[in-house]
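S.K.: Take a look at the following structure, please.
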Amino acid sequence: MPSERMTVRGTSEIGRFPGAAPPTRVELTVYKEGEKKHEEGGCRRWLRRMCPCCCKRQNSSSYDVTDKVEMVKPPTPNLTPEPAKPKPENGEAKEMEEMKLSVRSVDLLSSKTSQNRREHHTNLYHGDELIIRRGQTFQMELELNRPFSAETDKLHLDLKTGPLPMVSKGTHVIIPLVKHLEDERWEAKIVEQSANKIKLSVNSPATAVIGLYGLSVTTNSLKGEAANTHDSSKNIVMLFNPWCEEDTVFLDDDEERDEYVLNDIGRIYYGTEKQIGARTWNFGQFHEGILDACLFVLEKSDMPPSGRGDAVNVVRVLSAMINAQDDFGVLVGNWSGDYADGVSPSAWSSSVEILRKYHSSDGTPVSYGQCWVFSGVTTTVLRCLGIPARSVTNFQSAHDTDVSLTTDVYFDANMEPIDYLNSDSVWNFHVWNDCWMARPDLPPGHGGWQAVDSTPQETSQGTFRCGPASVNAIRSGQVYLKHDTPFVFAEVNSDKIYWQRNLDGTFSQIYSEKKAVGHNISTKAVGSDERADITNMYKHQEGSEEERIAVETASRYGSKPDVYSEPMAEDVSVEVKMDGEGPRMGADAKLSILVKNLSSQPRRTTLHSQVAVMYYTGVLKGTIKKEEMPVELLPNEEKTIEWVLPYQQYQNQLVDQAALMLTLSGRVSETQQVLANQTTFRLRTPDLSIRPLGEAVVGKEMAAKITFTNPLPRMLKNVVFRVEGLGLQKGHEVVVGDVGGHSTVTLTEHFIPTQPGSRKLVASLDCKQLTQVHGVADIVVFEQ
């Protein structure tokens, strides 16, 4: 049945009243004392004329809105037609319509030059999305259908992330309007009001879930009317905040934040401890599409969105997602040397193409990666999400496969290696990451740098991932602290233990090499392209009492806790030395073996030497030369033995890193002391020469000349150059074809710089016979 409704403006709704006649809307306007009266409406005037005794004009003195309001039914209409009723004036109808508050539009103030983006240090990201950091206020503007009144109107914001947003999980956030903002909570405050527009300042806690949020604004009145909800057409991206003291990733150093969060170009080190090579890597975390790709990687993981507020959890998940070993992550690892159906790991110079390719293919893993590629992509993703990160290279990096926290080498009774037992290995170099964060889940003092490794080596809790492991815990041998601290400890500070099989099948420890692993741990220096040695952060000085205590502390938690029960005496030493930067690719490799007798008695031994081609992971491809060298030493005598490996013996045997391992072993006749030494070295490859041509100006074409000389006396087949420069030129391939022995190739690249400032043009060469050939040119681009 139709009903009649009386509305009392400025108070709660009165209610609904039945009536037999056609519906009639009655508007009762209540004025408070001192308020200006509005002109009496036409409907009211008509009703008062029809029934003056029941509908008298209200006295202007006072009126209690809780008094009973009686509805008087209009008289039964006459059969004769009545004159038309006066219609409400246009102004009245509009006023009635606009009584209910609603949002017409939302401006997130999200342009790259906006106050939001500048204050949140997100102005470098591509695009005009609102990208903010948690624990910090941001602004937005709302356009309403009428002026906002704090006395009568209500307003709140809703932020939702993930497929099933829930208030209890922190993935559905209801942000109330308050008069004063307080730290560590979601709140909004009106800071400016002009006509129908209001500007809000919104605060978020430093524990907020990071990721992509949808925004809606809900308005209603204190009278409890049905709410109006406006959905913003633009989303909000929330990141970690290393500028916020309350955030667990807070880093209290401007220069370090600039380096480890904002720098989009870095250096990654490789080679051997005596021949450290460096290559420039474009992290490109602000490049177009990369933020979307990083959020997509999080989306592809099994981590619930509610877990994205915890930096430890996010880093651990990402260490699994960067490799594709068991979860369809970003990169497929390949150490076979056959990359025909993908890109050779050494050909990459940037994370950008890898992440964009993964995202655009809806999560199809990209082929192929090795440790420096995994690390470069991890640095990109962590920096993009706001976690300070850097790529770290450990030379002579142990791979402990049996949780013994030692690197074990097994020999039979004749001092021949027992291959099937020698599963532990020492990689020439291994690249992982450090990320910076507090560790509230660990005892005090273990925050700061944390080691995280995305290269699939060993499983952790059933998944190929590693870390974050506290670097402080690694240094002190506290391997019982999570996550994966024993594995990283073994990489940097395990002793190499040599075992010999006895006649009864048991093994005896015959030698302990205490300085075999964890050398020249390197990362790019803050603010320059120099190499910073951070070995002392991972371990105490070799041989010091503190370092020995750390090793013995760690070993107690390994699978061979009694390995250090018997110290060994030594009076003969063997050492391998290399001149200058070491052997060059295409020439004979020459090393020096220095043998010292530290006793006052003569000593005799026979040194057995063998050199093997090796993958940089420490896996041997095969032995290419063996020989025996008898050595006789007078008391306190030193002897130098020259060792040579001709080019002809290794030219067809090399794998990716052109790495070789020389193993020396022997037994001193007089004392039965075992001599053992393993030395890895690489054959140095030439750099690409890149020379800029012309003036570097935004929008103006310039060129760069890239020159390469083949160091080998043989032809290089199917040579491909890859060239890229952020702000200079998009990454692309240039197919060169075959390059003859000792021939020189010159390539001229033409491009138009798009961004001013200091830029780097990076190039690499890829072919089956020669890898790790690359170059970089610094180019300063000026505005027009």
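Numbers here mean position along the shown chain, with the first residue as 1.
Every residue, even glycine, has its Cβ placed from backbone N, Cα and C.
Feature list, courtesy of TrEMBL:
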type     : residues                       : note
REGION   : 1-22                           : region 'Disordered'
REGION   : 71-94                          : region 'Disordered'
COMPBIAS : 84-94                          : compositional bias 'Basic and acidic residues'
DOMAIN   : 363-456                        : domain 'Transglutaminase-like'
ACT_SITE : Cys371                         : active site
ACT_SITE : His430                         : active site
ACT_SITE : Asp453                         : active site
BINDING  : Asn493, Asp495, Glu542, Glu547 : Ca(2+) binding site
S.K.: On a count of neighbouring CB atoms within 10 A, which of the recorded positions Asp453, Glu542, Glu547 is highest?
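M.R.: That would be Asp453, with the most Cβ atoms nearby.
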S.K.: Using the Cβ center of Asn493, Asp495, Glu542, Glu547 as the Ca(2+) site position, which other residues in that chain lie within 8 Å, going by their Cβ?
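M.R.: Leaving out the recorded residues gives Ser494, Lys514, Lys515, Gly518, Lys539, His540, Gly543, Arg548, Ala550, Val551.
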S.K.: Tell me, in order along the sequence, which active-site residues from Cys371, His430, Asp453 have their CA within 10 Å of Glu542 (Ca(2+) binding site).
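M.R.: Those close enough: none at all.
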S.K.: Spatially, and counting Cα to Cα, which of the active-site residues is closest to Asp495 (Ca(2+) binding site)? Options: Cys371, His430, Asp453.
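M.R.: Result: the closest of the active-site residues to Asp495 (Ca(2+) binding site) is His430.
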S.K.: Around His430 (active site), how many other C-beta atoms are within 10 angstroms of its C-beta?
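M.R.: Excluding its own Cβ, His430 (active site) sees 27 Cβ atoms within 10 Å.
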S.K.: How does the domain 'Transglutaminase-like' (363-456) divide up by DSSP, counting helix, then strand, then coil residues?
M.R.: 18 helix, 40 strand, 36 coil
S.K.: Mind looking up the mean pLDDT for the domain 'Transglutaminase-like' (363-456) in the predicted model?
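M.R.: Here the predicted model's pLDDT, averaged over the domain 'Transglutaminase-like' (363-456), is 90.
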S.K.: Quick one: which of these recorded positions, Asp453, Asn493, Glu547, have their CA within 10 A of Cys371 (active site)?
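M.R.: Cα filter at 10 Å returns Asp453.
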S.K.: State the Cα to Cα distance, in Å, between Asn493 (Ca(2+) binding site) and His430 (active site), rounded to an integer.
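M.R.: Here the two Cα atoms lie 14 Å apart.
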S.K.: Return the count of C-beta atoms lying within 10 angstroms of the C-beta of Asp495 (Ca(2+) binding site), excluding that atom itself.
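M.R.: There are 22 of them.
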S.K.: Pick from Cys371, Asn493: which of these recorded positions has the biggest number of other Cβ atoms within 10 Å of its Cβ?
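M.R.: Sorting the candidates by Cβ neighbours within 10 Å, the top entry is Cys371.
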S.K.: What's the CA to CA span in angstrom from Asp453 (active site) over to Glu547 (Ca(2+) binding site)?
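M.R.: Per the Cα atoms, Asp453 (active site) and Glu547 (Ca(2+) binding site) stand 23 Å apart.
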